[in-house]
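Participant: What Swiss-Prot shows for this protein is this:
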DOMAIN    131-264  domain 'JmjC'
CARBOHYD  Asn130  N-linked glycosylation site
CARBOHYD  Asn140  N-linked glycosylation site
CARBOHYD  Asn209  N-linked glycosylation site
SIGNAL    1-23  signal peptide
Amino acid sequence: MAPASRLLALWALAAVALPGSGAEGDGGWRPGGPGAVAEEERCTVERRADLTYAEFVQQYAFVRPVILQGLTDNSRFRALCSRDRLLASFGDRVVRLSTANTYSYHKVDLPFQEYVEQLLHPQDPTSLGNDTLYFFGDNNFTEWASLFRHYSPPPFGLLGTAPAYSFGIAGAGSGVPFHWHGPGYSEVIYGRKRWFLYPPEKTPEFHPNKTTLAWLRDTYPALPPSARPLECTIRAGEVLYFPDRWWHATLNLDTSVFISTFLG
């Protein structure tokens, strides 16, 4: 079975996964639980566990993505991001949801608990991105300060930029289709997130209102090897760096908790 077909077939099981607290260590989000999307073995993004700042600037910062391992310890932040703790601390706080399409024009405000308990479910593969609500970005840093102050961002900055956080939680099979912006990092706290990346000069073939899941089903299988993106699955505790203006799309293989650090 082709890689994309295998991912989609295994995703289908996610739609019948039962709610629950999950095994110890999953924070109650059930990553890797029954029906989670299988992790595709193909990875064309380099992983580095011993990267120095000089190497980062010379080899990656302006050139290509890289996956960073072991540079920070966010175990405290991870513990605070368990399902029960987030609901206890922020359940009644209003959060702003965006549509999971390229431009994300439409916004919806509702209590965080309502999002987690009623909207956080596996992606319907027939839904359009502009019909799918997604909690990512638009964070209220005043109301959520007690959480964000415990996060340790990647230590490598870029001259003339300042970091800005964007925190999110999304269901299995969800994601954002191809788009680009400035450089940044994305760390998975719980779950797994698959990334697809193209350099600025190589515009991918995609529809801005179709989901990444639809792109994986309809477009990815027909791509010749020379037209395939860089891709890899980022697991809990790993950080992906993407350079300025690189096209990227994401697919959450589990219900995933994640945080990005944009360098603006």
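Note: Cβ is positioned from N, Cα and C throughout, glycine not excepted.
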Participant: Would you mind reading off the Cα separation of Asn140 (N-linked glycosylation site) from Asn209 (N-linked glycosylation site), to the nearest angstrom?
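Facilitator: Distance between the two Cα atoms comes out at 26 Å.
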Participant: List nothing but the one residue from Asn140, Asn209 whose Cβ has the fewest other Cβ atoms within 10 Å; the candidates are the glycosylation sites.
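Facilitator: Least crowded of the glycosylation sites Asn140, Asn209, by Cβ count within 10 Å, is Asn140.
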Participant: Could you tell me how many residues in the domain 'JmjC' (131-264) are helical, how many are strand and how many are coil under DSSP?
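Facilitator: Its residues divide into 18 helix, 52 strand, 64 coil.
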